[in-house]
Amino acid sequence: MSPVWFVIIAGVSALIAAPVTRAAGRFAGPLLALVPAFLFVSLLMQLPDLPVGTAILQSIEWVPAYGVSLGFRLDGFSLLFSLLITGIGTLVVIYAGSYFSDDAKDRGRFLGFILLFMTAMLGTVLADDLIMLFIFWEMTSLVSFFLIGFKHEDAKARKAALQSLVVTAGGGLALLGGIIILGLTAGTFSLTEITAQAPQIATSPAFPAIIVLVLIGCFTKSAQFPFHFWLPNAMAAPTPASAYLHSATMVKLGVYLLARFDTGFGEYLIFYAPLMIFGGITMLISAYAVMRSTGFKAVLAWSTVCSLATLVLLVGVPGEAGVKAMIGFLVAHALYKAALFFAAGQVIHSTHQYELARLGGLRFKLPITAIASLLAAISMAGVPFFLGYKAKDLFLTAAFDGGSWGMWLTVVALASSAVMTAVAGLAALKPFFLKPPYGEVKLYHNEYYGMALPPLALGLLGLAIGVMPAPAWNSVLIPAMSALYGSTIALEVHAAPSLGLKFLITLALLASGAALVWFWNRLYRDPDNVKANVVFADLGYGAVMGWLDRAGQVTARLLQMLSLRTYIAVTLGVSTLALLLALTGFSADMISAAAAEPVRPYMAVVLVLTLIGAAVAAFARSVLISILGVGIVGYTMAVVFLLNGAPDVAFTQFTVETLSIVILLAVLLRLSLKPAPQQSLLKRPLALAVSAGFGIAVGLGVLAMSVLPFDRRLSDFFGEASYLEAQGHNVVNVILVDFRALDTLGEIAVVAFATLCVWALLRRRVKKEG
Amino acid sequence: MSTDLLVILPIILPLTMAGFCAVFWLRPGWQRWITVTGMTLMAAAAFALLAGVLSQGVMVSQPGNWAAPFGIAIVADPLSALAVAAASLVALAASVYAFRGVSENALHGGFFPLFCGLMVGVNGAFLTGDIFNLYVWFEVLLVCAIGLLVVHRDGVNLDAAVKYAALNLFGTTMFLTAVAFLYGAAGTLNFADLARVVPELGASAGLTFALVLFLLSLGVKAAAFPLFFWLPIAYHTTPPVVSALFGALLTKVGIYAAFRIFMLLFEGTTGLVGEIVVWMAAITMITGAIAALVQTDLRRMLAFLIVSGMGYLMMGLALSTPEGLGAASFYLIHDIIVKGAVFLLAGVIAVAAGSSDLTKIGGLIRTHPVLAVIFLGAGLSLAGLPPFSGFWAKVLVADAAFDGARPVLGGIALGTGLVSLLCVVKIWMEAFWKTGPEGMRVTARLPLVMMVPATALVLVSLAIGLYADPLMDMAARAGAGLADPSAYIEAVMGAGE
């Protein structure tokens with residue numbers, strides 16, 4: 001099956017999810033789970049066709065005009081991701097079917113979103129074309145928004161949904177910017193080709209911009225400092241969504257893309273240093289925050305942030321060791337964290353209790369969940385014979401092997417590992433095996449099998465791969481490593497732990513984790529550290545949004561609340577300034593033109609009348625008188641035309657002037673005409689200056705222009721052709737009705753429509769019937 | 001059909017229909033059908049014209065058979081044909097939508113003739129090859145727009161009409177002044193002839209003055225910073241169908257004219273003018289979006305988003321590269337369709353929930369899931385998200401900016417996209433997600449005449465998004481035609497000989 005079919009099948013299943021759910025009722029979960037299960041099996045069947053170091057490439061023409069194709073790439077790494085997506089997806093669909101057992105409508109909606117999300121995820125990890133990758137990437141952000149806001153009547157859920165979208169879609173835009181620049185630099189959007197020409201791209205001046213933008217995109221998606229805050233808030237989503245999106249798959253997309261870029265750009269400091277620094281900081285912050293959290297899901301969320309940071313850091317670690325540890329940890333985390341979320345969902349669903357501190361003693365009430373949870377936690381703690389042990393072992397190897405970054409890596413690795421061990425203990429032991437601190441926990445319903453078996457399956461898988469490592473590592477994990485590293489990686493994995501320094505450290509970590517669990521209540525109750533909680537929360541986000549809101553308020557007020565007079569003044573003022581600026585170079589033209597102008601006393605009389613009209617318009621108390629003043633100006637202009645040998649133009653001017661005054665008056669009469677508000681004495685000179693300035697600027701422009709001879713080509717043609725070709729004696733008439741008849745048609749239309757306007761204003765209102 | 005007729009039909013058809021409507025003055029019911037028929041024919045003509053231009057290249061009609069530059073040329077090149085097609089599509093949708101929601105007052109006051117008249121002005125402005133003739137269509141447009149504002153006759157509308165008229169008349173007057181200066185300097189009015197003559201002239205006061213006046217007047221028309229005040233105060237007061245027409249078309253005509261004039265006459269924006277246009281574009285984009293974000297009235301918010309969109313379009317002019325102009329052409333078509341769609345949908349939301357004030361409505365996802373899905377599509381397109389036309393529009397514009405050595409502009413374009421997305425999400429959360437307030441008047445059954453046209457426009461945007469290649473190709477041709485007008489000049493100047 002070629003890669004595109006995986007996406008298509010998943011997409012179709014998303015579309016039919018709602019009707020199928022309605023028809024299938026209780027069995028909707030298992031029934032729909034057949035789709036991801038089928039995809040999972042089909043992916044496994046690809047394994048023989050995909051020897052280490054090969055990739056299946058597929059390209060379908062899509063938007064050649066922009067060089068975008070539906071380009072797919074299935075190699076070891078995308079296969080690993082696809083297996084996680086479809087495998088955990090299968091379990092999530094089964095789980096969600098039970099989770100929403102009491103609301104059929106919600107169930108259909110939810111399963112539709114989950115399958116849509118799976119489509120988007122498959123599209124992202126199978127994409128070779130970066131624009132296509134981005135489209136699916138944004139789709140995951142969008143579906144995540146809908147799932148976090150699934151309980152949309154709840155204001156808190158809406159707020160969290162908005163926050164996650166702002167952060168991830170905002171980062172997405174940075175990523176898009178990076179991709180566009182990368183496309184311009186490389187001349188292609190194909191990841192395969194870009195990786196091949198990485199050395200050339202790295203020498204381009206745009207390289208730092210590309211890397212920074214891509215890093216921002218990945219950091220927001222994978223919740224890295226300073227964008228880490230959205231993920232814990234995203235826990236407002238229903239638990240199956242948290243397990244799938246906000247732990248096992250979507251938040252790992254940032255890591256996915258970083259790893260893809262690492263293949264080509266891993267050796268450049270500008271790429272790997274930020275990964276180590278920000279990954280490390282995020283690890284420390286989240287390790288601290290997890291110890292301060294009280295909510296069951298919050299603890300898991302912060303520990304997810306810490307794990308993502310670990311992955312980011314490992315991508316940054318140069319060389320083979322980083323790749324090995326990254327892949328190992330990625331798989332181990334996906335399995336145990338999804339299981340823990342599943343278990344948490346079961347506990348919350350059946351007890352209606354969200355606070356970890358109030359839970360305890362549930363081992364006999366939710367037995368399967370308790371076992372699943374225990375298995376997952378042991379893997380997470382890194383106990384030998386579990387997948388998590390091997391992951392931690394590789395992690396420590398990479399950290400100790402870190403060269404000049406060794407010290408930093410060791411510190412963050414040890415600190416975070418100890419805390420994660422503690423979290424494992426907390427999440428798995430406390431609700432089930434420790435005594436409930438506030439008395440027996442009330443159970444609203446017994447364990448649902450649909451919600452208990454999926455985590456058990458994941459927990460057992462973690463154990464199975466730990467005990468019998470060869471099949472999974474050799475056929476899936478090591479090919480994924482090799483695909484990323486660019487050449488075959490050799491790795492012997494044994495079930496039994498190898499004794500040595502690392503083993504001792506592992507034991508020490510287990511002990512320190514146990515100690516942290518033991519002292520957890522005391523640490524949690526220490527009130528002195530509350531300030532620190534706030535610092536790591538979404539203060540910065542709140543500040544930016546607040547700032548944006550204030551800027552918007554101010555802008556909006558300026559743009560719609562001020563008086564028309566102010567708007568005219570600004571428009572006129574800007575225009576006057578621009579025009580005067582345009583004239584600065586032409587003062588010599590103006591002087592010579594002014595000197596050439598003959599003195600005509602009768603024109604002065606007309607112009608004085610114009611000025612009187614203008615003054616009346618400006619200073620009259622009544623708006624009506626003002627309009628008449630404007631009319632005087634218009635009529636004197638007509639006289640000017642008349643005196644300069646253009647009687648027909650003058651006649652037109654008279655008509656237009658009359659019509660416009662009628663319309664204006666009609667409009668104004670319809671408004672309740674209060675006496676015009678008196679302007680303050682300060683504003684009046686300003687208004688005068690602006691209006692006079694505009695007039696003067698245009699006047700000067702005319703003056704400066706008049707030095708140049710006029711090109712008479714058109715006038716001459718009209719003069720000659722009007723009688724000979726158009727057979728008319730009056731040139732102006734011929735121009736109006738023949739040469740430029742279309743203008744006249746348009747102007748007739750203007751007059752006709754203007755008449756309609758006048759009619760609309762003057763006629764009586766239609767009385768409403770009844 | 002002869003070329004002459006085909007090119008001029010998109011102008012003549014609505015003009016004829018306006019006349020018919022006027023003849024049946026006392027029968028608004030007949031006018032309604034005349035308008036819908038007219039808009040259908042106009043859309044058909046527009047697409048026939050587009051097909052013609054795509055297959056034959058630039059098409060010219062010289063009414064009266066007076067060869068350029070002596071008569072008035074009507075010219076359809078890829079850009080104008082595309083713009084006419086998109087505008088006609090929106091007009092068709094609006095004419096169907098106008099079966100509801102137009103007051104009796106308006107119906108008896110000449111709503112339909114003015115509607116047709118607006119389209120005369122819009123298509124005339126897109127198709128004319130003559131700068132004075134362009135002014136004439138601007139006038140038609142303006143007077144019909146004012147008519148559509150006053151025809152409803154309530155206080156808010158009239159107040160908005162006065163503000164709109166005052167600022168726009170000033171803009172139009174400046175345009176006319178600019179034409180006068182240009183004619184004085186170059187002695188001709190035909191675009192193609194001007195494009196030949198003006199570059200040979202050398203710097204002169206008249207030409208410089210004309211350039212600045214064009215920039216200012218089209219800045220007003222295209223709602224560019226700092227000349228955009230008329231838009232947010234006028235657009236939300238009208239009935240949705242009028243807002244949709246205005247939002248989709250009026251400012252677009254302004255930016256189209258700016259593309260035409262600056263590319264044909266002044267070889268794009270260069271030097272100081274170039275820098276100024278860059279900043280006008282950037283500030284227009286940002287201010288529109290952040291002012292939109294704090295609006296509580298749906299239609300006010302959309303009005304500010306029009307302003308923001310104009311900034312994106314101005315980027316094409318600021319860049320003046322074939323890629324930039326091509327991207328802007330794509331954006332223009334996208335924007336015409338999507339702004340039309342969202343304003344129509346805003347009207348539907350107002351019917352469904354009894355108000356367009358976001359604080360007074362809510363819960364529509366439960367009561368109107370279909371409307372929710374359609375609005376979501378329009379909103380995502382508006383915010384530039386895949387798989388809608390808005391995504392490609394945003395990508396192309398940003399790409400052109402990075403390519404044209406204006407990375408800051410590209411960054412601002414992408415960043416503003418986030419603010420637009422925030423606006424859309426805000427509408428979504430307020431109108432659809434949150435629980436509706438007590439006493440909200442919900443109308444369960446939405447009129448099909450409103451839903452169908454709005455949905456159709458959203459589907460067009462989706463189709464462009466999923467199958468972007470044809471439009472992208474046409475837009476690239478439009479951009480190339482603007483950047484290198486030799487084909488345009490040859491078609492016009494050679495046609496009469």
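Quick reminder: no glycine exception, Cβ is built from N, Cα and C everywhere.
Here TrEMBL flags A:66-110 as domain 'NADH-Ubiquinone oxidoreductase (complex I) chain 5 N-terminal'. Counting same-chain residues at least six beyond the ends of the domain 'NADH-Ubiquinone oxidoreductase (complex I) chain 5 N-terminal' (A:66-110), those with a Cβ under 8 angstroms from any Cβ of the stretch are 2-4, 6, 17-19, 21-22, 25-30, 32-33, 35-37, 39-40, 43-44, 46-47, 50, 52, 54-60, 118, 121-122, 125-129, 131-132, 147, 150, 183, 188-192, 238-241, 243-244, 248-249, 252, 256, 259-260, 327, 330-331, 334, 338, 342, 345, 349, 448-451, 453-454, 457-458, 476-477, 479-484.
Among the features that TrEMBL reports, transmembrane segment is placed at A:78-98 (among others).
If you look up TrEMBL, you'll see A:127-412 marked as domain 'NADH:quinone oxidoreductase/Mrp antiporter transmembrane'.
Below 8 angstroms of C-beta separation, residues 106, 109-110, 113-114, 116-117, 119-124, 127, 157-158, 160-162, 164-165, 168-169, 172, 175-176, 179, 191, 217, 221, 234, 236-238, 241, 245-246, 250, 253, 257 of the same chain, each at least six residues beyond the ends of the transmembrane segment (A:133-150), sit close to that stretch. Among the features that TrEMBL reports, transmembrane segment is placed at A:133-150 (among others).
Using a Cβ-Cβ cut-off under 8 Å and counting only residues 6 or more beyond its ends in the same chain, the transmembrane segment (A:162-189) has close neighbours at 67-68, 71, 129-132, 134, 137-138, 141-142, 144-145, 148-149, 197, 200-201, 204, 206-207, 209-214, 216-221, 227, 229-231, 233-234, 257, 538, 541, 545. The transmembrane segment feature in TrEMBL is assigned to A:162-189 (among others).
Residues or ranges marked as transmembrane segment in TrEMBL: A:201-220 (among others). Sequence-distant contacts of the transmembrane segment (A:201-220), counting only residues of its own chain at least 6 positions beyond either end whose CB sits under 8 Å from a CB of the stretch, comprise 137, 167-168, 170-172, 174-179, 181-182, 184-186, 194, 227, 230, 253-255, 257-258, 261, 264-265, 268, 270-271, 274-275, 278, 312.
Annotation comment: TrEMBL describes A:325-345 (among others) as transmembrane segment.
Among the features that TrEMBL reports, transmembrane segment is placed at A:407-428 (among others).
Residues of the same chain lying 6 or more positions beyond the ends of the transmembrane segment (A:503-520) and with a Cβ under 8 Å from any Cβ of it are 291, 381-384, 389, 392-393, 396, 414, 417-422, 424-426, 429-430, 497. The transmembrane segment annotation in TrEMBL covers A:503-520 (among others).
Sequence annotations record features per position, and here TrEMBL assigns transmembrane segment to A:569-596 (among others).
Feature annotation from TrEMBL assigns transmembrane segment to A:602-620 (among others). Sequence-distant contacts of the transmembrane segment (A:602-620), counting only residues of its own chain at least 6 positions beyond either end whose CB sits under 8 Å from a CB of the stretch, comprise 626-633, 635-637, 639-640, 643, 687-688, 691.
Regional average pLDDT for the domain 'MrpA C-terminal/MbhD' (A:608-671) in the model is 86. Here TrEMBL flags A:608-671 as domain 'MrpA C-terminal/MbhD'.
With a cut-off of 8 Å between Cβ atoms, the residues of this chain six or more beyond the transmembrane segment (A:627-644) that come close are 602-603, 606-607, 609-610, 612-618, 620, 650-651, 653-654, 656-658, 660-661, 664-665, 668. Here TrEMBL flags A:627-644 (among others) as transmembrane segment.
The transmembrane segment annotation in TrEMBL covers A:650-673 (among others).
According to TrEMBL, the domain 'MrpA C-terminal/MbhE' annotation covers A:684-764. DSSP labels the residues of the domain 'MrpA C-terminal/MbhE' (A:684-764) in these numbers: 65 helix, 0 strand, 16 coil.
Cβ atoms under 8 Å from those of the transmembrane segment (A:685-708) belong to residues 565, 569, 572-573, 575-576, 579-580, 582-583, 586, 589-590, 592-594, 596, 618, 679 of the same chain, restricted to positions at least 6 beyond its ends. TrEMBL lists A:685-708 (among others) with the feature transmembrane segment.
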Helix, strand and coil counts within the domain 'MrpA C-terminal/MbhD' (A:608-671) (DSSP): 57 helix, 0 strand, 7 coil
Residues of the domain 'NADH-Ubiquinone oxidoreductase (complex I) chain 5 N-terminal' (A:66-110) by DSSP state, where helix covers H, G and I: 32 helix, 7 strand, 6 coil
